[in-house]
């Protein structure tokens, strides 16, 4: 146990250039043994290139990739103990399920009896013990998915790469497969590296998530850290939903900022992101998550006193976006400013309705202010094409 | 309702009519006629007897069935060479060449088809005869002293035939390989296969329908070809189609010619059938698919 490596995979300053295009820039990370690690980013951010370098299909322009503490830079793809589940699975249509799974074992020149034992063993583990003789086209989408994973796992890889394998499935099946993948990872206790542009997949399944943008890692952390303590404006905008407004810093007291939005609305927020600390006069961007904004009817007897520093603005409800427990209202604030706030809609008298005057309030510590930088423009989450 | 169905039936009939006429008049009837001819024997002027006498005399004359066997063997050799040469070309066009150069390469492959077989065979003669380009070049460079005759050998016939039929090998191969997902090849490597394993276990099985259909077309075309073996092989070629021509035109023995024709069709069909059985394919999965 003391002799085994503590990291299944390490990337040290990995870069990849295609001519003048820098697809991956100086990416470094370590993945501890047996974890579920996701790389999340918009399409074209370089995540597929990074994965192909780990698998050995591309050579990095600079940097080192280590598997179990051994550099694999000069190892061809078929000698790396890294297996990959392809986006469209790439099961071999001319072979049946048994032959698909046995292919890798045969490449390792294993005896026939041993191959038979291992294939039936892995089929039992993915709970499809009776499909060995089926043809690939006879399987359902979810079964194909599991066979593709079994085909890799039967080889006992150090790292399993998954390239958006849920993309082709319909919504219901995708939700079910998320849970199943997580369980399979637990069961095999192998490091999974999961590439996706779908943040809900990454957040639900992963132990650690790396947010990738324009070839760089913006932040690596647990899903909770990324959601609640984003380090860059891109992460704050990309992970989860957020109201975002451009602003200017009026006064700074340490990390507490008094800021003014474009339309001159004064708010209190906290400075986030890396140094240098923001100074008065600096331009920035505010992020407030809808679930921290409370929307309440304006009362005639005046608002009750509240504790703690709070931002409070008036508004009128534009529309109700009903989505069960995740319902939301669109509020028109001062000078047409648009704000989204989460609400509970019970279907009773208490529900907020369009046209009603409301008061919006949220704590200052949930008002994150990031320095405006040219490159820190985030993509709209959800607007990502599959 | 009724009339509409009639119209639909009529239009289907009209659409199929040219095809049916072609099959019946140009394929089925001549073959039946040949079969009929082959079964009769002239015993006196205008007196015929029906039986298998023609087939018996074919079996009794070694030179005939030796020619047939030789034609089949050389056709198989040509088919194998066309596959070995054509497969890398098809693989390059379908998988390695960029999207833009792919069309141009495919066009380059097709261009020779615009020139007739006859002209292409004469091209080879210009190159290979004793006073031809290759011989003259060798003499000019001083490598040989006298002129060399490259024509009229089996090797020349094989080369000429491979050149003539290789297109029909490449085209189905390209269309099959084109449909193969690159990820499948990468998966083959990723799961531990080396280049040879990936070729043998993944690429070739995937391309099998294209390989078999290319081989069938190539083999049939080669075994039935007449111009190339005659022009490049001369009298030595002993190609079976030459025997048929000889019986029909020179000896005016239609009965024997028809027998040979039927035997050629039956023999090549048997070879194709054996090939399909050995490769585990069927006609519908190969020729129909590509």
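Quick reminder: no glycine exception, Cβ is built from N, Cα and C everywhere.
TrEMBL annotations: computationally assigned, not manually curated.
Segment annotation: TrEMBL labels transmembrane segment over residues B:12-37 (candidates B:12-37, B:38-63).
The feature transmembrane segment, as given by TrEMBL for the ranges B:150-174, B:175-199, sits at B:150-174.
A contact between the transmembrane segment (B:210-232) and the transmembrane segment (B:12-37) is absent, since fewer than 3 of their C-beta pairs, 6 or more residues apart, lie under 8 Å. The transmembrane segment (B:12-37) makes no contact with the transmembrane segment (B:150-174): fewer than 3 of their CB pairs lie within 8 A, with pairs spaced 6 or more apart in sequence.
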